[in-house]
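Only one structure is covered here, and it is reproduced in the block below.
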Amino acid sequence: MTQDSALLQAPEAIPSESLRDGSNSRKVFIKTYGCQMNVYDSMRMSDALARDGYEPTEDMEVADLVLLNTCHIREKAAEKVYSALGRLREMKKKKAADGREMMIGVAGCVAQAEGEEILRRAPAVDVVIGPQTYHRLPEALRRAKQGQRVVDTEYAIEDKFEHLPIAESRRIRARGVTAFLTVQEGCDKFCTFCVVPYTRGSEVSRSVSQIVEEAEKLADSGVREITLLGQNVNAWHGAGSQGEAWSLGDLLYRLAEIPGLARLRYTTSHPRDMDDRLINAHRDLSALMPYLHLPVQSGSDRILKAMNRRHTAAEYLALIERIRTVRPDIALSGDFITGFPGETDEDFKDTLRLVEEVRYAQAFSFKYSTRPGTPGAELKDQVPEEIKAERLERLQMLLLKQQQEFAESCVGKEIDLLLEKPGRMPEQLIGRSPWLQSVNVDAKASQIGDIIKVRITGTGTNSLFAEHAEAAV
């Protein structure tokens, strides 16, 4: 899952007027790094901490607990966390001198990868907790209050979601009309460049009943759009009411029946797990938005094999054709890596050719960075940094051109726009198009959550502009 996805958003603090006892509650500041799943995890940790009297704050200075929810995907991720912990150590010392206590916790994938090393290198840290054990965070903090320094990164036998509360309606409403919902975690693909199997573990799917219960609570609390999350979300599997095997497509058909829930999305997918049921869901479900993030990483079969992607460029292109046949208006997004070990100029040209053929609405691209413990780090023929950078620049120029062309192709179209949040100008709201673009339109704050018909009138640097086409629906 890309850490720079357009879906990325920070958890929002609940306004003080919505707190039951805002004057006496303890405050938690959560800094979220990385992917959408970390955003979701931060929200679930915040909800769990609420039962122990913690309420979120956006002001680190008033926080009784500072929690870093970390990501281990990019190069030097751990060192960036240690740098942040050094700054927090000084803040903790300053608060202690003023007679105020501040606890520091590290969660997420760096916590999983580093474990005890964090306590050794950052003595100010009180709690280290992994992504599979954060349901035990309140207990870890209670132990830390008693003077223990806690590391809890062992993969839990129990299902953490069975022990996590679903947020109260007031907290859901404060977060807006769109929401993330994790349905699957971990990955069994073992791509040679990726740390996810080592930090998130093997593939685990949440039960249908858990997912439906949470989705219904979100919809009842005013959420209009849900994005299903997973490191390999289309590997999700479960059982229907009669015990029959369900895939992600079956789950989407079920969620589309929930009253009030107008839109569905999912991310991130692996090409090998795009089955017929899921493809047909794009054909049949009006609630399933015509947008698909389907990473390919390279257009070279030789590099795809070295990456252990388990598909060829031709198979990926054939899959794209099948999807576009059933949903011609679908917009595609992807992930790319330049400079994987052994990548030649011809391999890179294969990637450019694939991009030209697919034509992406948006995409995310990165230079290859070695991740300790992955097979890719041991490969010979590491590509020089300057060549990685030059290839990345060329690729990004092509992807940006395609993104701009897609945005311009939307001008003049009438679309359904979900109004999400205030814009920069008075009497302006920002909405989300079916293709995940931000759209600016004149509207009142009372219309947030409405889906209105608009006509796209122009493009900006990272957004579109629109005018009303007809009344709200």
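These residue numbers are counts, starting from 1, taken along the chain as shown.
A Cβ is built for glycine as well, from the same backbone N, Cα and C atoms used for every other residue.
For Cys35, Cys71, Cys109, the entry in Swiss-Prot reads [4Fe-4S] cluster 1 binding site, with the evidence type sequence analysis. The [4Fe-4S] cluster 2 binding site annotation in Swiss-Prot covers Cys187, Cys191, Cys194. Annotation comment: Swiss-Prot describes 26-146 as domain 'MTTase N-terminal', evidence class sequence analysis. If you look up Swiss-Prot, you'll see 173-405 marked as domain 'Radical SAM core'. Feature annotation from Swiss-Prot assigns domain 'TRAM' to 408-470; the stated evidence is sequence analysis. Feature annotation from Swiss-Prot assigns region 'Disordered' to 1-21.
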Next item on the list: Pop the Cα-Cα gap between Cys194 ([4Fe-4S] cluster 2 binding site) and Cys71 ([4Fe-4S] cluster 1 binding site) into the table, whole Å please.
Entry: 12
Margin query: What whole-number Å value do you get for the CA-CA distance of Cys191 ([4Fe-4S] cluster 2 binding site) and Cys109 ([4Fe-4S] cluster 1 binding site)?
Written below: 17
Notebook entry, point to check: Using the Cβ centroid of Cys187, Cys191, Cys194 as the reference point for the [4Fe-4S] cluster 2 site, which residues of the same chain not in that list have Cβ within 8 Å?
Noted result: Lys189, Phe190, Phe193, Val195, Val196, Pro197, Gln231
Margin query: Within a 10 Å radius around the Cβ, which one of these binding-site residues has the most neighbouring Cβ atoms: Cys71, Cys109, Cys187, Cys194?
Written below: Cys109
Next item on the list: For the binding-site residues Cys35, Cys191, work out the Cβ neighbour count at 10 Å and name the residue with the minimum.
Entry: Cys191
Check: What is the number of residues in the domain 'MTTase N-terminal' (26-146) that are helix, strand and coil, as DSSP sees it?
Finding: 63 helix, 25 strand, 33 coil
Check: Taking the Cα atoms as reference points, how far is Cys109 ([4Fe-4S] cluster 1 binding site) from Cys194 ([4Fe-4S] cluster 2 binding site) in Å?
Finding: 12
Notebook entry, point to check: When the domain 'TRAM' (408-470) is classified with DSSP, how many of its residues are helical, how many are strand and how many are coil?
Noted result: 6 helix, 33 strand, 24 coil
Notebook entry, point to check: Could you give the mean pLDDT over the domain 'Radical SAM core' (173-405), rounded to a whole number?
Noted result: 96
Check: Cα of Cys35 ([4Fe-4S] cluster 1 binding site) to Cα of Cys194 ([4Fe-4S] cluster 2 binding site): how many Å, rounded?
Finding: 14
